[in-house]
Structure formats: structure tokens, C-alpha cells
Amino acid sequence: MAENLNDCRVPCKMSWSELEALCRIERLRSDQLGVNRANVNEYEVEFLCDYKKTKEEEFYLVKWKGFPESDNSWEPKRNLRCPKLMKQFHLDLDRELRRHKRRCIPKKLDKEVASFLLQKAKVRQSLQRWEAHLNQTRNHPGRIFVMNDVDLEGPPKNFTYINNYKVGQGIVLNEMAVGCECKNCLEEPVNGCCPGASLHRMAYNDRGQVRIRPGKPIYECNSRCSCGPDCPNRVVQKGIQFNLCIFKTEDGRGWGVRTLQHIKKNTFVMEYIGEIITTDEAERRGHVYDRQGSTYLFDLDYVEDVYTVDAAHQGNISHFVNHSCNPNLQVFNVFIDNIDERLPRIALFSTRAIRAGEELTFDYKMQIDPVDTESTKMDSSFSLAGLPSSPKKRIRVECRCGSDLCRKYLF
């Protein structure tokens, strides 16, 4: 009987951290779990929950990784080797004490402060798990970081990270593009390369920066083209190249996105991704979103208003980008494998150099002068320039962008 079980496999109901903790309890060694003779008596700190001090010593209430909270224990500082966790604990503690208008750390934290620190540690863990999930899901080089130093809000509910458009019910995407035969698409384009096939000019320079004005479409090389992956006319399709951080804003604007790297002017930053739905379905959903006080509907009306992108529950990092009346991102319509002008891809390019640490924003109404890309002049007929209209809003919403050029209302 036993010989028949050699290839038998059953799923384990315990996590790796729980198995590691069990090994330490039972004094068992495991190379796979990293438990050996030298560290079998060491336990990993998951997070710090509370703090107190006497004349002689400081103590921390420790949540041990792999153990229930009922096993939390007070440990002297000298026994702990978790400098990063300790630093984060005191940053959280200092912020909370300042919120209560206290300057000095008391000998013993009151229940309200200790409860907040415990919740904060749990929220940070959930955000770290979400961050790991986002980075496992993304298909682009740029990493995603998540940070909330403002409140106790965790990962958004009912949101799924996707890398490409998801086609809604009743919509069919047909690959209609015709490939080019160029050997050097930028310097020796054959018949104008892919842009020329649609009677348009090459959108990028040799550094991959956009050189056409907003309102003009971008036609990139596609899967049927003779050129290789290093072709300078392949930019948006390579995905997000910069490390970006989803962070909680301090001024009540919810989540936002900041870049962690310097971005040069006219550089591709991200696409606006979501579910493609019909305008009739967008109208129905729009009324529901209005009652909720927010929406993520983006009309694809480059030539006609037939389809809409809904990023409310399925989208990429652009879901979290905030509005500004003086933005640093600009929208362009992009066509790659699909040249159906009713279904462009929506790409966001930098309007100027953006410093590392600066928040990324775009104008939900995108009302700039369509003739001069450097201008911030308002133009009520900007939709004639061929740009997609803003995410739909049917109620007047106060703007909190804080720009000197703020229009006071988003819509």
C-alpha cells in the first residue's frame, strides 16, 4: 500500500509562516523554511502593537509572525532586532501624538492611541499584501508601491487590477492593423510607416518622446510589422516604465499616484485601462456612480461617441490618478493592433518634466488650446480637437486640486 503513495500530493492548509512557527515550537529544522540549529529559537516579529517604559527599560508589545494575537508578549527593547519595524512604529506613534497635540511619549500609551497603532499595523500589512498582488499581476517593467500615512483606509474593495482593456458584453475587438515593411521606421519609413498608412505623421522622436500636438492620433507599429521590438515607434505597447506609488492624499482627495523617478517632458507614463462598454450602458452606470459621488467613465469619442471605458471596478494604476486644472499629464489616442477609430487606446504623456516624488494628474475635462500644446488657455470647443472627453460626471463637483489655475469645479 505504501509504495502506491510515492507520488501522492495533497495541499497544505497552513501558510509558510505558520509552518515556520510550528517548526520553531516543535524544535524541528527545515532548510526550505529557513529553520536551522542556529536560529531555531528565534522568532520573527510581525509588527509592534504597544509601548511602555520604566526608569530602567523600554518595552514593546510584539505580534509574532505565525502566532495568534493571544500569544502577543511584552519584550524589552534589547531583545528585539527589528529596527525597520521599530522605526515605523515610532513614526506612527509620533503622528498620532501630534494629532492629539502631545509632544512627549508617555510612559504608558492610553487605550485609544494603542488601538490606533494596532489598527495601523494591520492596515499596513494589508496594503503590503495588496502591493505584492499588484506587482504579481502587472505586465509592465515599472513597479507599483502603496503607501497610506494618513488614515486607516486599506486596499480598495471591489477593484481588480488589469493590464489591458476588458471587452464588455456585446462588443467585439477586431485586429484590423496592417503591418509596415520598414527596416528603420524613423529614418527610412516605407510609405510613411504605420502612421503614413492612415495619412498621419510619425508621433515620436528618436528618444520615444511624443512630438505631435494633442488631438492628433498616434499610430504605433504592431504585431504584423517587419520591425523589431526596439523600433522607436513602439512606445505605449511597452507599458509603464517608471516606478509609481499609490498613496493616500492628506487633503481629502482620496488616493493619488506619484512618480518615484524623474520623468522627462513628452514621455509616455501610463494608459487609462478599464472595461469597454457601450455608451448606453455607460449612461446607466453613470447614474449609479453619480449617487455614489464618483465615477471612472471615460468616453472614447475620437470620431464618434459609441464606446466608453469604465475603470471603476477593473483598471490599472490610472484608476487612482487625480484631477488637476493644471495637470502634468495629457491624453492621446493611440492605435496599435486595432485601428478601429471608435476604439483607441488612451495614453497619458507628460506635459513637462516631472520630479521624482511629484503627484501625477490629468485634467478630467482636458480643456487646453488644441493648437498650442504649451498653452493652458481654456477652450469650450476642445472636443472638436479629437480628444476623448473627460470621465463622465452629471453632478457639479467641487475641485480640490489646489492649482493657481483652479476652475473651482471639476464639472
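The backbone N, Cα and C atoms fix where each Cβ goes, glycine too.
Quantities reported herein were computed from a predicted structural model and do not represent experimental measurements.
Over in TrEMBL, the protein carries these features:
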| type | residues | note |
| --- | --- | --- |
| DOMAIN | 43-90 | domain 'Chromo' |
| DOMAIN | 178-239 | domain 'Pre-SET' |
| BINDING | CYS180, CYS194, CYS221, CYS225 | Zn(2+) 2 binding site |
| BINDING | CYS180, CYS182, CYS185, CYS193 | Zn(2+) 1 binding site |
| BINDING | CYS185, CYS221, CYS227, CYS231 | Zn(2+) 3 binding site |
| DOMAIN | 242-365 | domain 'SET' |
| BINDING | CYS325, CYS399, CYS401, CYS406 | Zn(2+) 4 binding site |
| DOMAIN | 395-411 | domain 'Post-SET' |
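Sequence features, as recorded in TrEMBL, placed on the structure.
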| residue | record | Cβ within 10 Å |
| --- | --- | --- |
| CYS180 | Zn(2+) 2 binding site | 25 |
| CYS185 | Zn(2+) 1 binding site | 26 |
| CYS193 | Zn(2+) 1 binding site | 25 |
| CYS194 | Zn(2+) 2 binding site | 30 |
| CYS221 | Zn(2+) 2 binding site | 26 |
| CYS227 | Zn(2+) 3 binding site | 21 |
| CYS231 | Zn(2+) 3 binding site | 20 |
| CYS399 | Zn(2+) 4 binding site | 17 |
| CYS401 | Zn(2+) 4 binding site | 22 |
| CYS406 | Zn(2+) 4 binding site | 14 |
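Proximity to CYS225 (Zn(2+) 2 binding site), defined by a C-alpha to C-alpha distance within 10 angstroms, is shown by the following binding-site residues from CYS182, CYS193, CYS406: CYS182, CYS193. Checked against CYS406 (Zn(2+) 4 binding site), the binding-site residues CYS182, CYS193, CYS227 differ in C-alpha distance, with CYS193 being the nearest. Geometry remark: CYS180 (Zn(2+) 2 binding site) versus CYS399 (Zn(2+) 4 binding site), CA distance 45 Å.
Residues GLY179, CYS182, CYS185, CYS193, GLU220, ASN222, ARG224, SER226, CYS227, CYS231, ASN233 surround the recorded Zn(2+) 2 site, their Cβ atoms falling within 8 Å of the Cβ centroid of CYS180, CYS194, CYS221, CYS225, which are themselves excluded. Taking the C-alpha positions, the distance from CYS399 (Zn(2+) 4 binding site) to CYS193 (Zn(2+) 1 binding site) comes to 43 Å.
Here the domain 'Post-SET' (395-411) has a mean pLDDT of 77 out of 100. Around the Cβ of CYS325 (Zn(2+) 4 binding site), the same chain contributes ASP363, CYS399, CYS401, SER403, LEU405, CYS406, ARG407, each under 8 angstroms and 6 or more positions distant in sequence. For the pair formed by CYS194 (Zn(2+) 2 binding site) and CYS227 (Zn(2+) 3 binding site), distance between Cα atoms is given as 11 Å, rounded to the nearest Å. All protein chains shown were included, and the count of other CB atoms within 10 Å of the CB of CYS225 (Zn(2+) 2 binding site) stands at 20.
In this structure the C-alpha atoms belonging to CYS227 (Zn(2+) 3 binding site) and CYS185 (Zn(2+) 1 binding site) are separated by 7 Å. Here the Cα atom of CYS221 (Zn(2+) 2 binding site) is found 8 Å from that of CYS193 (Zn(2+) 1 binding site). Taken through DSSP, the domain 'Chromo' (43-90) splits into 14 helix, 20 strand, 14 coil.
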